[in-house]
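Listed in TrEMBL for this protein:
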DOMAIN    38-286  domain 'G-protein coupled receptors family 1 profile'
TRANSMEM  20-45  transmembrane segment
TRANSMEM  57-75  transmembrane segment
TRANSMEM  95-116  transmembrane segment
TRANSMEM  137-158  transmembrane segment
TRANSMEM  198-227  transmembrane segment
TRANSMEM  239-257  transmembrane segment
TRANSMEM  269-288  transmembrane segment
Amino acid sequence: GNHTLLSEFILSGLSSRPELQHLLFFTICFIYSMTLIGNLLICMATAHPTLHTPMYFFLRVLSLLDISTASVVVPKMLVSTLSEDRSISYLGCVTQLYCVVFLASTEWYLLAAMAYDRYVAVCRPLRYPAIMSTRACLSMVLLSCCSGQVVSVVQTAWVFTLSFCGPRRINYFFCDIPPLVLLSCADTSRYERQLISATVLVIFTPFCLILLSYTCIISSILSISSAESRHKTFSTCSSHLTVVTLYCASGTLIYLQPKSGNSQEAKKVLALIYTTVIPTLNPLIYSLRNKEVKEVLVR
């Protein structure tokens, strides 16, 4: 009966120390600029006629998702860093949470599709053109988006059916599930179990498929007699493995304990890595370790 209807939330930001605000603003602004430039370069490079293959098609979609993820979170964070008004409307919070969950979930399923592409390329090279046709690639991307859409709608609906009757300050720099669960005055144990199930579905299911793909890939690589051929084959997969490891480590630590208040500051750092730093690293990981992308970028 004492529950109040919130019309807005207050984002605490990355830090409450005034002397750090300008440093944080310019640091995050620089990282965001590098994210946009790096991923746009990847999009341009992979559109080159010599790179019209499924692997580079998936890489282009991944870059677009990275740009979108950073753009959903960073601009509001930059404004809040220098402004005294750190409020975000209720509808704005719903929209931001929906977009973040949708993009993150879609990216996970896309990473699984990229692992399958590498499996077919290494283990079924003669059938690769037939299996990884343009229609198949488009279907995988569409399926990833649809899966992300379902996860996002369900999670966003669940979070905002909770009762928020306490403080409206979110100890975070954007609207995400763990800090919003902490604000709820209702019993969230059922929702936390549901969130853990969703985390397993969204992160560990694709991760198991990726692990299975790379088990087959490594088996095939070890059977290659030439050391040079083994190195060349593995180098095409190592970039993808690096990205998967970064996403898996940060994502599981954030969402497996949604109501762990003691680790909220640590979750801020992990969320910053997940939404801001990794999208910047992806172009570097893929371009610096890929000879074909480097040649197109140089040209």
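Cβ coordinates are placed from backbone N, Cα and C, and glycine is handled just like the others.
Whatever TrEMBL says is automated annotation, not expert-curated.
Note: the stretches the transmembrane segment (239-257) and the transmembrane segment (57-75) are not in contact (fewer than 3 CB pairs below 8 A, sequence gap of 6 or more).
Scored by C-beta pairs under 8 angstroms, the transmembrane segment (95-116) has its highest count with 137-158, from the stretches 20-45, 57-75, 137-158, 198-227. Two recorded stretches are said to be in contact when at least 3 C-beta pairs lie under 8 angstroms, sequence spacing 6 or more; the transmembrane segment (198-227) and the transmembrane segment (137-158) meet this definition.
Across the domain 'G-protein coupled receptors family 1 profile' (38-286), the prediction's mean pLDDT works out to 84.
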